[in-house]
Structure formats: C-alpha cells, structure tokens
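To start, the structure itself, in structure tokens.
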C-alpha cells in the first residue's frame, strides 16, 4: 500500500496524520481524564460521561451566541469564559447526580453502569427536547481560524494546536491536584481504604461528591474544547463513550500516565491507519488490537499496586 | 408439558409458573390478538431468549455481559445467510451481473460467494452454525478473560467494546454482510414461504416451543449442582476456588450457554421478522437486553420473559404515540430498577403478591439466588 507514494510524500502523510491523531488524542485524553478520576479513582462506571461532555459543549455554544449578540467586542476571549461555565455546569450536575444516585450504589459497580446508562438516555432526550435535534457548531474567533504552513505539504490548524495546548494545561492541572495537593491525597486515601480514611477524619462522602463533580466538570471542559473542532448534537456523547472507557482501561485504571499513554497510542494508531484503510476498518483494527492486548494483559499498560 | 406432577428439578411453584406462562403464550395471546399484534409478541419473545441467558449469566453467575447483542446478531445472521442464499437462487437473480449470489454482493462488485458464506447453502450446517458460531465466539472471549480472572466491570466494558467492533465491522464490510441495511428480502425456508400470515403464526408457535425448551433447560441448570456453584461463585469467588473448583471453567460454560440461548433467539428473530441488521448487534440493543432481564428480575427465569414482554410492549406503544417520552421512560426504568427494585418484577411478586396466594408458596420461597444485592 506504500508503493503509490514517494518517500517525502509518505513523510508528510505521517506528519499530517500524526497531527490529526494528536487532535484525536487531545479529545480522548480530555474525556478520559474525567473518566480516569471517576472510574480509576472511585471505581464508578459513568456511562453518562459523554452527556456531561455534551452539556459542556452546549454551554460553550450558548456562551458564544451570547457574546456574538451582546458583547461582540469581547468575542475573541469568549472561549475562556465558556470553559469555566462549562466546568461549573457539568460539575454541578455531576455533584447532584452523585448525591441523588451514585452514592447509593458504591457497593454495586455493575448497577451504577446500568443506572448511569439510564441517566445518559434521559439527558440525551432532554437535550433533544430543549436544544433541538439539530447539530450545532460554534463560531470560532478570528485568531483561532486558519492554519500554519510548516512546509509545502504540511499544514496544521490553529484550533487544533489550541485544543492540544489546552489539553496539556488541563492534564498538568489534574496531575498537580491529584498528586501534589492535600485534597488529592484525601481522594487517594479514600480510594485505597475507605474505612481507614474515614477513621482518620476525612469526610469521605464529601470527598466522593467533589471527586465525582471534578470528573464531570473536566468532561464539561472536554466538551467545550470539542466544539472547537467539531459540531455538537444530543447523541454525540455516546459516540465516544466506548473509546474513552477503553482508553482508561487500556492505560491501567489508576494510572494517569497510563491514561495519557494509551490515549496517545490508540489515537495515533487509528488516525495513521485511517489514511490507508477505510475509517471503519481503522477503527475496527484499533479497537480489536486494544481488546486483544487487554485480554492478554487485563491490568492495562501501567499498574499501580493498590492493596485491596 | 409432561413435567406436571412430580418432577426432579422443578419445584411446585415453578411448575405452576410455567403452566401459567404457557397458557398465556399458547392460548390467551393467540386468541385475543390479531395476527399483526401476535407477530409483535413473537418478535419480543425472541429477546426473551437473550434475557433468559442473562438470568443465568448475570443473575446467577454474576457476569454482566454488555455484548449479548453480538450473539443474538450472530445467530440471526447465520439464519439470514441461509435464507438469503435460498432467496438468491440463479433464476431469482438472473438480472445480476453474477447470478446466484446475494444482491448486495452484486451491487458491491463481488463476483464470487465468499468462503464463509458457502456452508450456509446447507440447512443442517446452518442449524449447527446458529448455536456453534456464537458459542465458540463466547468460548474464545470467556476463556481468554476468565482464565486471567478478569471479571465484573472490566468484562462488561470489554464485551461492550466487542459489540461496538462487530457493528462497525458489519456496517463497514458492506459487500460481505449487507452493511447498515443488513440482510433483507428473505423469502423461503427450505421452500416454505415465511412471509405469509399463516407461516408467521406457525413460526410464533415454534418460537414459543423453543422458548419453553430453553426455560426448562435454564431451570435444570439452576437446580443442578452447577447452578449452586454458580451462585456460590458469584457471592464468594475465592472460597469456591479454594474448595478446589476451577472457577473459570464454570464461568466460561455459563457464558457460552447464555450466548447459545441468545443465538437461538436471534435466529428466530430473523425467521419471524424477515431480516437481520447491525442495529440488533451494537451497544444500544445489547444494553437494552440487559434491562429486559433486570425489569423481570435478574434472578427469575420466568420473570425474564415477562420483563421482556412488558418492556417491549411499553416501547412499542410509547414510540407509537409519544416518541419523545420513550427514551425518558426507558432511562427512568434503568434507574428505578437499579435503585428501587433490584429484583425487578419477580421481587415485587415474591414480596407483595405471592405471600397472599397461599397455594403458590406452600413452602417459603428459598431461592438459591437470594440476596443478589450483595453481589459485587
């Protein structure tokens, strides 16, 4: 399949597809970060994660509309405000869901799966009824449009670069929060031994609620970033949920580095193959590869030893 | 129904339950519903096979598979491939550029029947394949995972991913599988036209008969020593392992059994509805099949049938009149059945109704699968 292309063309193809893969990587990683916190740290399967992401995307869309109509002079920076609003909206919804539903189910992980699937159906229908079934897209501010030409054959989009930068920033923030702050220490303590954590005075219920809220909030930010590169519809979240779970499981559920590495591997494999095969076959082969590796190595790529 | 009276694996209340269900499905529904509605019930009953498999696999053994649609689909596709080949005889397809192959292959410029289609010229081989292909597939998945002690949540996610992969594969390989439309325009089974109303009524009764055979099989598994090991394994896996049992083998077995039951349902679905498509394979149908089982009561074999009928009946009537409400209702059902009624209809029956009907519960129901909530 390589014979039709010259060597420099092949190089450019790999760079361009690699770049497309990096954008996919950013989306995967942003979604997987929230899930890695909720699933990896708390052991809760949140099938509605995609819908929390879509909520963030809708918030971003409405913020952009608001700025477009009332504050056109500040349109260039609307995205940063939208991102904060998306975080707050998704996080608040997440905390409400934790309080109403998830906290009753911590001992039954398989049942959280079904309950959150129900939640995702409800949210999808609510989005469809409230925001309409049509896909919506935001208008990008001027500085985010266009692309950089690195060579004749290679060009990269600025919005893609922006999403990547954002992903890196959020990943670093999450890593600091989880591994360098006292709150992160409390979260990890609760994960490792809930009873003992409670005994030394950590309010485990509060930690649970905040952790779940944080995971959902990050999903909201992911949705916000997602609007920069794609359009949003009521069911868009469901398209990503399986991939995201595979990313988290493949990386090793408790490991942040693992999540990053697996998001990178999966997205690069998929986008590189997409050029040579049809999109569906690329996806099939990637997912199949992940499934087979997981069958051989069920603990995922990176393992942190936790005493259970 | 030769099992009335003394029976070695059915308790008295089980016999009563089976007879009541048999009267409902064989006598009451065919007499009260018109042919069109009865076909709907027949379609719903094919899902009951899946729910039945899930009762054994999830309720009793604690293995939640979110990929039962895969097995339902494989069974259905096996049957559809046979029917399609019969419908694509050379004289039926002489306008094609390659006569004698299914129409969608011709549209996709395939000139020769692919090798994996060839066995489906033979009816006996098809019948074997309907059960063997999904069971073998389940064996590979189950063997790879249970031997490595992967279970619970990870198993659920991976089976879900397999459902996603198979759907994408079927949709993508249009020339070999019929793509997103599936395999359509099925006409005859061994020369017998399956499209007439009379044929559909016959198929309904075949489906009911098969369902009862599967129900009896499920009761047999449940009451055998195997069934008790499954429950013990679900509640305290390590203790069963320390007692010298190879836990993985039991899990693989029950997973394969559930797959085979789903596949029979899938094949009956194809026969009654007249087509098979990837929309019955993917993530969404697979997880909906779990809810049929959960609504009926994940520990109740008969409950699975009632749950399937009820949810599907609700789905059909709601989506006819209020399509927006249906998703809300289904979502609410998922949440309610988990939070409020973890034992589904069967739990409600056992707690509130059965105690008032003395003749059904001569002895207190001592279900070996009681206290499922503690299962991890």
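Quick reminder: no glycine exception, Cβ is built from N, Cα and C everywhere.
Curation does not apply to TrEMBL; its annotations are automatic.
Residues or ranges marked as transmembrane segment by TrEMBL: A:12-40, A:52-71, A:77-97, A:158-179, A:212-233, A:239-263, A:275-296.
Per-stretch counts of Cβ pairs under 8 Å to the transmembrane segment (A:12-40) identify A:239-263 as the leading one among A:158-179, A:212-233, A:239-263. With respect to Cβ pairs under 8 Å, the transmembrane segment (A:212-233) is most closely packed against A:77-97, considering the stretches A:52-71, A:77-97, A:158-179, A:239-263, A:275-296.
Between the transmembrane segment (A:52-71) and the stretches A:77-97, A:158-179, A:239-263, A:275-296, it is A:77-97 that has the most C-beta pairs under 8 angstroms.
Among residues of the same chain six or more beyond the transmembrane segment (A:275-296), those with a C-beta under 8 A of the stretch's C-beta atoms are 1, 13, 17, 242-243, 246, 249-250, 266, 269. Listed by sequence, the residues of this chain that lie at least six past the ends of the transmembrane segment (A:77-97) yet keep a Cβ under 8 A from its Cβ atoms are 48, 52-53, 55-57, 59-60, 63-64, 66-67, 71, 119, 141, 144, 209-210, 212-221, 223-225, 228. Only residues 6 or more beyond the boundaries of the transmembrane segment (A:239-263), in the same chain, are considered here, and those with a CB under 8 A from a CB of the stretch are 25, 27-29, 31-33, 35-36, 39-41, 45, 47, 49-50, 53, 120, 171, 174-175, 178-179, 191, 287, 290-291, 293-294, 299-304, 306. Long-range contacts of the transmembrane segment (A:158-179) within the same chain: residues 19, 22-23, 25-27, 29-30, 33, 37, 41, 140, 143-148, 187-188, 214, 218, 221, 225, 228-229, 256, 260, each at least 6 residues beyond the stretch ends and with a Cβ under 8 Å from a Cβ of the stretch.
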